[in-house]
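Features as listed in TrEMBL:
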- THR52: pyruvate binding site (BINDING)
- TYR140: active site, proton donor/acceptor (ACT_SITE)
- LYS169: active site, schiff-base intermediate with substrate (ACT_SITE)
Amino acid sequence: MLQMQQQFISYSLAMVTPFTKEGDLCTESIPELVKFYMNKLEAPGLLISGSTGEQHCMTIAERKQLYQIVGNTVPKDYPLYAGVAAFKTKDAIELAQAAEKAGFAGIMLGVPPYRLPSQRELEHYVIDVAKSIKLAIFLYNNPESNGVQIEPETYARIASIASNVYGLKEVGNSANVKKVKELLGEKAGQHTFFTGIDEEYAEAYMEQGYTGITSVAGNVFPKEMKQAVEYLHTDQTEQGKKLLASLVPKIQVVLDAGLLQSIKYILRKRGAPAGYCPPPLLEPTEEDKARLDAFV
């Protein structure tokens, strides 16, 4: 399905960020956690400080420190993508430049939270950040969390101006990707279209034109998610659909117990220094832990 060289790998894992029980960034755990993802979860690449990485629980300085530690831990050719989003454009630029300095391969640029920028303001925000770095960028459209949708027309206009915008992670209206590809025309093959919803990837890939995933469920089901994506990308669609369908009820157990809290609980039980979620998020209940233990 991929006809042109892509700027991003099609499958990576969204890494959690380790915090203490009090909610402080646990910097000493980061190198070991990264190695756990690489060696135990066999992650082909990592998305750092995205929604799964609880980026807005960290200061700008802490996120820059996280990028640097992760960048110093992995081989130079290992694909790293930095989650970047900030209330102010200048802070997003500072983060993007820090990711570039730390050796990341690209950034995932999210919408400024809570500020509800217009489409015109979003264009300026993205283009200003894009002009500040040479790294490849994919945009993160998550209107449920941020209250604003990156409209297909907006993405297409941005891509026509910012030569380093090469992808879109769509967690809003899944039909947007088809519209974006229509607007991009023959240049669409240069762009990667990610979903962040693991259980919907088969439909997204086969019917909506998505070409990649930054997996969250891969934190808990690493072999299964990696295999399912491989099946789909090698035209073994029935095997891929069947494997993903088998994960849906398991993923629901994790969601019901609190997504990030559950992931970190399971990772800790497996020996990873995943830390905790900063308050007010709480640990899973004892009843939930009993159900989650089936996945350890």
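For all residues, glycine too, the Cβ spot is worked out from N, Cα and C.
The Cβ neighbour count for the residue listed as 'pyruvate binding site', using a 10 Å radius and every protein chain shown, is 22. Counting only residues at least six positions away in the same chain, the Cβ atoms of GLY50, GLY83, ALA85, MET108, LEU109, GLY110, VAL111, LYS169, VAL171 sit under 8 Å from the Cβ of the residue listed as 'active site, proton donor/acceptor'. Summarising the environment of the residue listed as 'active site, schiff-base intermediate with substrate', the number of other Cβ atoms within 10 Å of its Cβ, over all protein chains shown, is 26.
In the three-state DSSP reading, the residue listed as 'active site, proton donor/acceptor' counts as strand. DSSP assigns THR52 (pyruvate binding site) to coil in the three-state reduction, placing it in neither a helix nor a strand.
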